[in-house]
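Engineer: Before I ask anything, here is the structure I am working with.
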Amino acid sequence: MSSYQNHKALAELTLGKPTAYCDYYDATLLQAVPRSMNREPLGLYPDNLPFHGADIWTLYELSWLNSNGLPQVAVGEISLNADSINLIESKSFKLYLNSFNQTIFADKESVRMTLQRDLAACAQGNVSVALYDLDEITGQPISNFNGECLDKQDIRIDSYEFNADYLQGAAGKDHVEESLVSHLLKSNCLITHQPDWGSVQIHYRGPQIDHEALLRYLVSFRHHNEFHEQCVERIFNDIMRFCQPETLTVYARYTRRGGLDINPWRSNTDFVPLTGRLARQ
């Protein structure tokens, strides 16, 4: 159980509660979760964040009406800066997007500007929004994380409770730069405890991290209850704390739920994330 699971900000969320679906635009449906909620227990504060990054959302179920009442569809990509005050709760995001369904907008740019304005106001931070017609993205290849996959190791695991101590002593003497990938990341929603499935790429330069220890650590998230963004920041923080790499990037891409996927990344070096969807997305 996360130390902040009873935080008052969580009690106000619609997540985990019966809700009505609204067909007409309503920005008040968006709900924020303070990033400080999970950062402060990790010793992370706005004036000394050890990383930069973003939460990249893909919107697969976005529709509105044009001026003639004809439904329009697009795929959206949102990038929310990690230094925003709040993250955006995903169920509220879904409800907000549903409120576009029967709302007339003059054109696609009006939809984009509305999304950017509302999301920035909710997150209290910088947001970029891109909307794509379907013919712009049809036929795009499935992407893959570059790096050595950790998942084929012949090891026995019998504990699935989160334990950062797997990384204790995991940093070796050899100095390397490598990318490591696992598709076994699984955590659970902080509120509903529904499973969240993801793939994670860890790129670092520094003392070589023991691959078995790192895989055991990642598998230990299996019963852990935390939002996607919080899990990625926890992974970044734990690797920095125990292994002390010179540079580190953690990038996770989660499978979609409710027409949305969330893909957070955190880094202390130059990094440009590839945003193509993975096989399970």
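Even glycines carry a Cβ here, placed using N, Cα and C.
Pulled from Swiss-Prot, these are the listed features:
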BINDING   I88, E89, S90, H228, E229  substrate binding site
BINDING   S90, K91, R257, G258  NADPH binding site
ACT_SITE  C189  active site, thioimide intermediate
ACT_SITE  D196  active site, proton donor
Engineer: Let me make sure I understand the structure: which of the recorded positions listed (I88, C189) has the fewest other Cβ atoms within 10 A of its Cβ?
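Structural biologist: Taking I88, C189 as the recorded positions, the minimal 10 Å Cβ count falls on C189.
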Engineer: Setting I88, E89, S90, H228, E229 aside, what same-chain residues sit with their Cβ within 8 Å of the center of the Cβ atoms that define the substrate site, listed in sequence order?
Structural biologist: V33, D55, L87, F93, F227, I262
Engineer: Show, in sequence order, which residues other than S90, K91, R257, G258 on the same chain lie with their Cβ within 8 Å of the centre of the Cβ atoms of the NADPH site.
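Structural biologist: Going along the sequence, the neighbours appear as F93, K94, G259, L260.
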Engineer: Rounded to the nearest Å, what's the C-alpha distance separating E89 (substrate binding site) and D196 (active site, proton donor)? Just drop the number here, would you?
Structural biologist: 14
Engineer: Checking the recorded positions D196, R257, G258, which are within 10 Å of S90 (substrate binding site) at the Cα level?
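Structural biologist: Matched recorded positions: R257, G258, sequence order.
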Engineer: Roughly how many Å lie between the Cα atoms of K91 (NADPH binding site) and C189 (active site, thioimide intermediate), rounded to a whole value?
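Structural biologist: About 11 Å separates the two Cα atoms.
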Engineer: List, in sequence order, those recorded positions among C189, D196, R257, G258 whose Cα sits within 10 Å of the Cα of H228 (substrate binding site).
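Structural biologist: C189, D196, listed in sequence order.
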Engineer: Here's one to test understanding: among the recorded positions I88, C189, D196, E229, whose C-alpha is closest in space to the C-alpha of R257 (NADPH binding site)?
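Structural biologist: Of all the candidates listed, D196 is nearest in space.
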Engineer: Around the Cβ of D196 (active site, proton donor), how many other Cβ atoms lie within 10 Å? Please give the count over every shown protein chain.
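Structural biologist: Excluding its own Cβ, the number within 10 Å is 24.
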Engineer: State the three-class DSSP label for the residue listed as 'active site, proton donor', counting H, G and I as helix, E and B as strand, and everything else as coil.
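Structural biologist: The residue in question, the residue listed as 'active site, proton donor', is strand (DSSP, three-state).
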Engineer: Hey, what's the Cβ neighbour count for G258 (NADPH binding site) at 10 Å?
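Structural biologist: That number is 14.
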